[in-house]
Each structure stands twice: as structure tokens, then as C-alpha cells.
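Q: Mind looking over this structure? Questions follow.
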Amino acid sequence: MGKEESRKGAMAASESGGKITYFVVASCVMAAMGGVIFGYDIGVSGGVMSMGPFLKRFFPKVYELQEEDRTRRSNNNKNHYCLFNSQLLTSFTSSLYVSGFIACLLASSVTRSWGRKPSIFLGGVAFLAGSALGGSAQNVAMLLIARLLLGVGVGFANQSVPLYLSEMAPAKYRGAISNGFQLCIGIGFLTANFTNYETQKIKGGYGWRISLATAAIPASILTLGSLFLPETPNSIIQTTGDVRKAELMLRRIRGTNDVQDELTDLVEASSDESNSKAENAFVKLLQSKYTPELVMAFAIPFFQQVTGINVVAFYAPVLFRTVGFGESGSLMSTLVTGIVGTTSTLLSMLVVDRIGRKTLFLIGGLQMLVSQVTIGVIIMVAEAQDGVIGEGYGYAVVVLVCVYVAGFGWSWGPLGWLVPSEIFPLEIRSAAQSVTVAVSFIFTFAVAQSVPPMLCKFRAGIFFFYGGWVVVMTVAVQLFLPETKNVPIEKVAGLWEKHWFWRRMERKRDIQETNILGSS
């Protein structure tokens, strides 16, 4: 009876592409700490920007305007949306994404040639150094150098961790495991908000140092933990060509000896990759047969950034102060939205492999659109009546921001990382993931630079601007992205050939090539 049950269990594991093993869970939890450092940085930077002692030390002009506004809030001519419209202040936030952009491109070569583990390790080391320098900063120059080091860490981690999670996960649970990256971003963001809320109470005025330096804790865990991570079977074959070693690792992480089908897929994918090794991976990505993947490598991270999430993520404390909350109240409101975002991402993990990616994109898109438009209308009406947003309107904005964050938390938040990590074939996967992360950094930088002046000039109109983009991305995903639910990662590439739009593109390209050959 025991042998029969064991045989049935092995068959079930094989049919589903493997089962969830403790080994996989432990490895992926450790790797996903790369998400925690990213989320913590997003949360902590927005929080310290609302702390008086931090502004007074590094951005005194912004601090003076803020103090002046407190005494003149009843003056309708005072545009309190412009308080934080400082180029130097936005440079503090966005400088991370400049170095992150460069780092993620460099990480592609490391990830492809030496494996996913080294990139994760280098990301942890760089972030650890940036955390130490940021917490001890004495001037703006030190602060910006710290942000650049943090960017290097985030660049390496964001390029390698999503790949690692997708390759370690069984096909049936790939969505849930890969969404763990966004869950960890949410946990990091929530942790930063809680830290900011507590440290701003410190009377000595050094609470911001603790907030910035605390980033060293998850960075240390990631750095040390990466030394003990196993390499993915895909990476083992790609970097060493050792099929036997990859098979043993595959058996261990799938919890079954029957891994021949998946191993065959990996070997075939590696063979295609080996045949083109002489060609630069980024150049190969430009080949016409990879047009669908290249389009998505640009479109998905671009759309993720123009959801408007960074208005909330970077500037939530600033936004809540703008609508009438004090320093403590704004940080508490941000903490609440962080809890909502993390909870919704956890829910996404539970359902993504059941209802699919495109369904979550649709639900989340509609939810974000309605909440953004409503926020914009409330702010417009409130200002038309009073010139200043009252407390009642402020609480309504907080509730609607929570609704918006929940929509993002189970759609574009996790799926913006999951989908790119699973749609690229092995021969271009590392390069394409670097392009995805690089595009994300470019537009995150653009958003971080543009939000303060846009908030100053357009006020409530900024929510209608991002709401329009939500409409565009929701329609685009439904039309042009194939559903990848429960499809083995090395077979996802075949979905493009069956898709109504990309199949037509392929046929047109074949006809054009045939005509060219015929004419020659």
C-alpha cells in the first residue's frame, strides 16, 4: 500500500509539473528578500521626505515653505501642492533609478554567464553598503551616493530574483511563487511605513537615520542567504552544460524522480541558446521572431509605472499632508495603505493560478480606474468649495487610495513582475528581463521627476492623467497578451504562435521573406 501511494503521488507530481517542496519554498523565500529591499526603499524614501528634521537638514528651502504653509493654510492663494516641487528633493528619490538602470543591464551578463545566485549576492552587497552610507549621511552628496549604491543593489536584485522564482517554481504554482516577489515588495513597503511612523516620534530629530539604516537588515539577510541558495536547473544547464547535475536538482525541487519531460525541454532550450551564444543576447532580442517578446518587454514595465502607483508609493505621505493631514497622520495613512496592498497581493498569490493573469489584469484595471477618477473628482469639488481640502474629504481620499492600492496589489503589482519573467525563451531570457527592468527604471525615474511638478500644476488632474493610461493598458493586455496560466515555462514561447494577432504578424513576415527570396 505504501509503495502504491508513493507511486500515485509521484504520478500526480509529474502531471502537475512537480509539487511544492520545502526546499523550493525555503529557496524562494530567501531569494524573494530581493523584493523586500526594493519595497523598503520605496516606502522609506517617501516617508523621510515628510519628516521635518530630514527636510531641515538636507532640503531647507522645502522645509521653510512647509512651515510657512502651516501658518497660512487658510489662504486660498497658497498652492500647497507645490510645496515639494524641488528638483533636488526629487533627485533624492529618483537617483536610485539611474544607477539601477545601468546595473540591471550589467546584471544580464552576470546572470547569463555565472548564474542567478551571483547577481542576487551582488545586489545584496551593494544595497547593504548604500544603507550604511544613507543612515550616516552628513550632507546631500553622501545621501545621493547612498541612493546610487542602493540603485545598484535594486538593479541586480530586480533582474535576477524574478527569473530565479519563475525557474524554481513548478508550472502549476509558478504564478503564486513568482507573485511572492511583489508580496515581498509589499512587506518591505509596509515595514518601511511602520518604521517611519515610529521613528518620526523620536524627539532628537534623528529618526530618519534609523529609517534609512534599517534597510541594512533585509540586505544582510539577502546577502548571507544568497550564499546558501541552490542554482536553478535552467541556470545550471545554461552556465555549465551539466545535464546530470541539472537533473538531480530538478528531482530535488520537484519532489519526484519523473522529471524527464521538463529536463528535455530545458536541454532543448539550452541547445537553442548554445547555438546562438556567439551572438549578443541583446542583438538577438531584436530578431523579428522575438517581436512579441520584445514588445511586452517594453510595454509591461511601462504600463506598470503609468498606473500611477508611484504617486502613492513615493509621495503618499506628501499627498496625505497635501489633503490636510499632519506628519503623524500622513504616515499612519500610508501605513494603512501598505497593509491593504500587502493583503491584496497575498490574495493574488492564492488565485492567480486558478483564474489566470488576464482576469486579474481586467479586475484590477477597472478598480484602479474607478478609484483614480473618484479621487480626482473629490479633490476638484472640495477645492471648488473651500479652496482647501477639509478633513472629511481627506478621509475619503484615504479610503479611495486603499481601494486603488488593492486593485494594483492583485493585478499590475505582482503580474508586472510575473508575466515578463515567464514569457521569454531561455536563449533571450536574461537579456529580455534586463530590458524589462531597465524600462521600469527609466519610467520610474520619469515618474519620480514629474509627479511633484505635475501635482503642482495639474492638482487633481494628475489622477485623470494616470486613469487614462489605465484604460489603455487594460485594453492592450486583453487584446495582445496570451494567457500563461499552468503552462510550463519552456513551452510559453509556443503561445505566441497560437495568438490571433501575433500569428498574423508571423504569417505576414513569412510571406515577405518568401517574396524576397523569390525575387532574388
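Just so it is clear, glycine is given a Cβ too, placed from its N, Cα and C backbone atoms.
Curation plays no part in TrEMBL annotations; they are all automatic predictions.
According to TrEMBL, the protein carries these features:
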| type | residues | note |
| --- | --- | --- |
| TRANSMEM | 20-40 | transmembrane segment |
| DOMAIN | 27-485 | domain 'Major facilitator superfamily (MFS) profile' |
| TRANSMEM | 88-108 | transmembrane segment |
| TRANSMEM | 120-138 | transmembrane segment |
| TRANSMEM | 144-165 | transmembrane segment |
| TRANSMEM | 177-194 | transmembrane segment |
| TRANSMEM | 206-229 | transmembrane segment |
| TRANSMEM | 294-318 | transmembrane segment |
| TRANSMEM | 330-352 | transmembrane segment |
| TRANSMEM | 359-381 | transmembrane segment |
| TRANSMEM | 393-419 | transmembrane segment |
| TRANSMEM | 431-451 | transmembrane segment |
| TRANSMEM | 463-481 | transmembrane segment |
Q: May I ask whether the transmembrane segment (359-381) has at least three C-beta pairs under 8 Å with the transmembrane segment (144-165), counting pairs 6 or more apart in sequence?
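A: Not in contact, no.
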Q: Restricting attention to the domain 'Major facilitator superfamily (MFS) profile' (27-485), give the mean pLDDT.
A: 85
Q: Counting only pairs 6 or more apart in sequence, are there at least 3 Cβ pairs under 8 Å between the transmembrane segment (330-352) and the transmembrane segment (20-40)?
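A: In this chain the transmembrane segment (330-352) does not contact the transmembrane segment (20-40) - fewer than 3 Cβ pairs sit under 8 Å.
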Q: Is the transmembrane segment (88-108) packed against any residues at least 6 beyond its ends, judged by a Cβ distance under 8 Å, and which are they?
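A: That would be 41, 45-46, 49, 58-59, 62, 119, 122-123, 126, 140, 143-144, 147-156, 158-160, 281-282, 314, 430-431, 433-434, 437-438, 441-442, 444-445, 448-449, 451-452.
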Q: For the transmembrane segment (120-138), find every same-chain residue at least 6 residues outside the stretch whose CB is under 8 Å from a CB in it, and list them.
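A: Same-chain contacts beyond the ends: 31, 33-34, 37, 41, 58, 103, 107, 110, 145-158, 160-161, 164, 209-210, 212-216, 219-220, 222-224, 226-227, 229.
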Q: By a Cβ-Cβ criterion of under 8 Å, what residues six or more beyond either terminus of the transmembrane segment (393-419) are in contact with it?
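A: Result: 162, 166, 174-175, 178-179, 181-183, 185-186, 296, 300-301, 303-304, 307-309, 312, 316, 319-320, 323-325, 333, 336-337, 340-345, 347-349, 351-352, 357, 360-361, 363-368, 370-372, 374-375, 378-379, 382, 440, 473, 481, 484.
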Q: Out of 177-194, 359-381, 463-481, what stretch is closest in contact terms to the transmembrane segment (20-40), meaning most Cβ pairs under 8 angstroms?
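A: So the stretch in question is 177-194.
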